[in-house]
């Protein structure tokens, strides 16, 4: 076995190729074969594994971006983290083996996958038969993948020959030289270099900094990923963390800076990108729009398309390995990185179809189209979404088809149906089980525990082919699914999104009602989280009415935090009502967070004459947490929160001792005694 692999290894070095070798069997056997390969072939042999000592854990693999290694081992015997697999492949140099250890071939389907704990809505690891069948098919169908199964003869197929490959000498390629010349002549504008991994976009950015006769700054989601840029720039350009750069630009002139280079731009929230490009005369953004950071072609359609005169440049020729690299080709097929969707210009009637997860495996072309549309529309789509799509529990899928071609995709997630006892604990801040994003959030943050008991479906993703947008297709899919959800006995359907006036107008057009706005910016979108629902049952309508009334009542205090007006009618009445007492009791006697209780606490301060120094310092005098801790000589944030809760309890007792005692008991546990006034029961 080893002499044959040695001959293949020598050819890989000469031809600039990387290959996948799959070891399938029990863990000890796989580990032994991988160890023998490591002894035979000199190299870095980076391991990603849950089990091997000193290996990189799959969830820590992102820290490897921007680095290079010779040979790697990916241990998938306990679970297959698809992003980590792609990241490891992206770090491997020409001539590398990627050795993937997997369970016994015929038992792999039935084995619980540890990675499913990350993305399945339910607790505990589950088998993932659909994804495993998909991966097994890709391994078996690719004649350039070597598969060695325990207790079976190791058959090495005849491999095609490639011409000899020359390692880049550090000078720009002809294509890089052409782009670099254009950039060096630029007077102003936004330039975007788009390329898959290994094409030299970071190298090109570094060359621009090195050759530019002026000042260049560099930013990226993480400094570690800019190692190549800084290497080729001779460390000339100053690096800034995104948040620090924005803070500096808001307070200082940057007119003497000629270029801002933004590496891995698609991983930065678009509002931050739009603000950054407003400060500098020349901007260069480099990014990949296919791959493991969850950066799809939505970056082109949603960001680049909104910039007048944006110059989009592409690098296609690989620099770190040869053209038609077997490992890259296999990975693109296995993780569906090629998101090209067949164009459909037909104006014929559109039909809506429901699909089950098993059909993705039975019709792989359908899977490719459905996932491709999601990737083209959402530039945060990643291999984790592919795993959810294939095997996560409680998923429903609708597709819009025109002329037998898929032109729209809708992905729903089942939520709610929790017990009254668990919903009460979620409301009280004592429990936060996995899943149920909107249903739990309405209970935990909006004070609506009944939302977690009612049955609902959440829109996880909705996407339409680029050339068929603004034709009512998304609206049609949602209306189709809304009817299905009503037939299935759902109480409401929901959606969570980063709030912008434009996005809210879209959901409002689909009939949704705004029920919640968060007060912390989302890392992914740079916007505040908004939640909206479309009620389907009488209980759903009652929930919607109560949620809207509460949002309108809290709007004044929420708007002061988020800095813009909400599309609701503010209520001027600041007297305490029953909902306020319930909320304040949850803060004083349970574990509801300050952010959820803040509007009720502000009303409490207006209606109570007690000093309540800790609360007033933070909420009325707007002292920071650090200032409050120092002023009151407390031992940190936890001590301050405890004091806030004690002051709230003191205020409630001072207003009505009997009522305060009732609500204290009410918060303790859901029981027959508190059913009368419990929103879960109404």
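Each residue, glycine too, has its Cβ placed from N, Cα and C.
Binding of ATP is attributed by Swiss-Prot to 198, 199, 200, 201, 202, 203, 204, 205, 206, 207, 320, and within the candidate set 171, 176, 188 the record adds 176 to that site. Closest in space to residue 201 (ATP binding site), of the binding-site residues given as 462, 463, 502, is 463, taking the CA atom of each residue. Around residue 176 (ATP binding site), the C-beta neighbours below 8 angstroms that are at least 6 residues distant in the chain are 200, 203, 204, 207, 315. Counting every protein chain shown, 7 other Cβ atoms lie within 10 Å of the Cβ of residue 502 (acetyl-CoA binding site). Within 10 Å of the C-beta of residue 201 (ATP binding site) we count 28 further C-beta atoms, all protein chains included.
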